[in-house]
Amino acid sequence: MLYRIFPIFVGMSEYKERMSKSNITDLKTVRLSEDADSVVLLDQTQLPEKEVYLSLSNAEDIWDAIYKLKVRGAPAIGVAAAYGIYVCSKQIGAAGFDDFYQEFKRIKDYLASSRPTAVNLVAALNRMEKVVLDNRQEDIPALVRLLHDESVAIREEDAAACRRIGENCLALLKPGMGLLTHCNAGHLAVSEYGTALAPVYLGQERGYNFRVFADETRPLLQGARLTAYELQRSGVDVTLICDNMASSVMQKGWVQAVIVGCDRVAMNGDVANKIGTSGVAILARHYGIPFYVLGPTSTIDKQCPDGKSIVIEERAPEEVSEMWYAHRMAPRDVKIFNPAFDVTPHELITAIITEKGVAYPPFTDSLSD
Ligand code: MRU
């Protein structure tokens, strides 16, 4: 085992005690270790049963943690990659700038290959590379210090953006509303209060008494394992539903707004997010429910004109046929298609809410401001 694991055995009483804590930010999704020699991640594949932190200090383990969704959610992946390349840069034994940069670039391209759809991963790594290239006159220890500062800045900016996104969305919501969300765009996916769940947490602090419906989000169950977990842990009224129940709860009049996160926003307002999001948007349009996409401006890809240009990650068939089941639930050798994301066309989106404000259609105008 290349990384150190700190397992926490969780018995029922400890689990209940943990779930009665109200402050979700007690959980540190991704951070640097005290000595800044490793990236410490809350292993999200072990939630909700176990809170296990991994301490990773080489590029292979960081790549693996991102690929296997031990850390996931677009902004959290960006922060993990930024911390990761800083930690790896400390270990580069280069004599001069050219040798340092050659190795830095190799690690950067490697980490960038772990997941293709979320723009935040490449955007964070590009920021880190810019620091190196803009400071080539510095010696290696100074460069490493600057990389540390940049990785911390990426995390801090993310945390600050979340709160503003929450405030901007909360202004559109009313106390007592039923909200439906898909996948997990909360604290576990980002820093602090998350993106799509930020208005829920702020509303909770201010007595809004929202009722949240969390889609379970097949096949990796981020809604069941993570969204239901973090909202319940924070005392929010959350009801878990299977993905195919969204229409039913909307038809009953229980949902007044849909709030989702995003992995890449194209300049025309098309949005890539967790597979199934576009279906929820179609349902919301049918039932006349506003469909809000929440994310930091770092998720808007200025190089991406529309959803057709977004690369959609395809993942292993076993995630559909057997993962999470006690035994296999599909015939051997059946063909399986497992796209991790889909694109919601801009026509179905009521507004895209960032830390800067609320962008309404036409998005080609509002997103370029
Ligand atoms: O595959 P995941 O779990 O990384 O997908 C996450 C999502 O689709 C989130 O909605 C998105 O990254 C926004 S997180 C603030």
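In case you wondered, yes, glycine gets a Cβ from its N, Cα and C as well.
Sequence-distant contacts (6 or more apart, same chain, Cβ under 8 Å) of Asp263 (active site, proton donor) comprise Ala74, Thr117, Ala118, Val119, Asn120, Ala272, Asn273, Lys274, Thr299, Phe341. Under the DSSP three-state reduction, Asp263 (active site, proton donor) is assigned to coil, being neither helix nor strand. The feature active site, proton donor is assigned by TrEMBL to Asp263.
Take the CB of Arg115 (substrate binding site) and look out to 10 A: across all protein chains shown you find 22 other CB atoms. As annotated by TrEMBL, substrate binding site applies to Arg72, Gly73, Ala74, Arg115, Gln222, Asn273, Lys274.
For Cys183, the entry in TrEMBL reads site 'Transition state stabilizer'. According to DSSP, Cys183 (site 'Transition state stabilizer') sits in a coil region rather than a helix or strand.
Gln222 (substrate binding site) and Cys183 (site 'Transition state stabilizer') have their C-alpha atoms 5 Å apart, to the nearest angstrom.
Taking the Cβ of Arg72 (substrate binding site) as reference, residues of its chain lying under 8 Å away and at least six apart in sequence are, in sequence order, Gln44, Ile66, Asn184, Ala189, Gln222. Highlighted here are the binding-site residues (Arg72, Ala74, Arg115, Asn273, Lys274) whose C-beta falls below 6 Å from ligand 1: Arg72, Ala74, Asn273, Lys274, in sequence order. On a Cα basis, Cys183 (site 'Transition state stabilizer') lies 9 Å away from Gly73 (substrate binding site). Listed in chain order, the residues near the substrate site other than Arg72, Gly73, Ala74, Arg115, Gln222, Asn273, Lys274 are Leu69, Ile77, Ala118, Cys183, Asn184, Ala185, Ala189, Gly261, Asp263, Ala340, Phe341, each with its Cβ within 8 Å of the site Cβ centroid. Each residue contributes its Cα atom, and for Cys183 (site 'Transition state stabilizer') and Arg115 (substrate binding site) these two points are 17 Å apart. Using a 10 Å radius centred on the Cβ of Asn273 (substrate binding site) and all shown protein chains, the other Cβ atoms total 29.
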